[in-house]
């Protein structure tokens, strides 16, 4: 019972805001300026989750996105920023590449919110809200999300590579990474429970029966082999059985003498306690290095250079020409390939229907030559942008 007290006591502490800036956040921050915010986020996620091309990984992906955002210079939406002449996108860092997904959903939420409350809600807050609603829609815990974050104008490729703990991390590395962000061992155990839902790549899995037969390591496995898309405490039961999906999961239970073992045993036996621990740690994590109105950094639109899966979305006016390399198929069958250098301001794309990965896009390129391209979105890439 001694550890029970030690484990539960931080749950009270971690809902107390740790910094002056975080104290300016408020779950009712948009009560007057955008009262439909929460309902809009919920409705968009409901529509996407039940729409054509149902994505069972959606909710897990949005929870993960919030984690990856907060661990790099705070919960500031910087993970959404695309490459510019002065920014190297965090999306291209090793821990994020082929890991974070469904940034398009954040964009869709933003578009819907802008119709009702233009220029009011930050993308950092949308990411935080999307994570909470994703937990709720997976039958997991719910909580009041502190709101009022401002968006970063900068991103850090280097910090994304160094600060996001990887799936092969050992326990000391995990503890160090969390402590660096003001999170303790209890937060580590509780937040790792997010792996109760979703899927992971076989190239990173510790399971021998996870076969990676794909050419690019795209094969995935359910993180929880029993209740893959139900938010429950089965993750901790799996650790007790030696069936953690990644090394960074199993070391929480297998490291001899680790305090995390007692915490795992406790959460494996009590789902209610897990839910309380998870939501408290999610709130605590969401307050890491937040930007607010009186911060030195000014708010910025995180979608100015935003892209998803290599497709430019809402490209801004281009004051000077930049070069964008696009690979596309010459024939409907996909045989043969060519490459063309274009000016993005002369590129117009439309995609129908949802989801983009299964859709065809039609692009007209104006300039030295003009042609129409119809190709699966996953094959049409326009993500490498360099100054001319």
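For all residues, glycine too, the Cβ spot is worked out from N, Cα and C.
Features as listed in TrEMBL:
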BINDING   165  substrate binding site
BINDING   195  heme b binding site
BINDING   196, 224, 227, 232  Ca(2+) 2 binding site
DOMAIN    24-330  domain 'Plant heme peroxidase family profile'
SIGNAL    1-22  signal peptide
Pairwise Cα distance for residue 165 (substrate binding site)/the residue listed as 'heme b binding site' [Å, integer]:
14
Take the Cβ of residue 232 (Ca(2+) 2 binding site) and count every other Cβ within 10 Å, whichever protein chain it belongs to.
19
To see if you understand the setup: which same-chain residues, six or more apart in sequence, place their Cβ under 8 Å from that of residue 224 (Ca(2+) 2 binding site)?
195, 196, 197, 230, 234, 235, 238, 245
Within its own chain, what residues at least 6 apart in sequence put their Cβ under 8 Å from the Cβ of residue 227 (Ca(2+) 2 binding site), listed in sequence order?
196, 234
Within 8 Å of the Cβ centroid of the Ca(2+) 2 site residues 196, 224, 227, 232, which other residues of the same chain have their Cβ?
197, 226, 228, 229, 230, 231, 233, 234, 235
With every protein chain in view, what's the tally of Cβ atoms within 10 Å of the Cβ of residue 196 (Ca(2+) 2 binding site), excluding that atom itself?
25
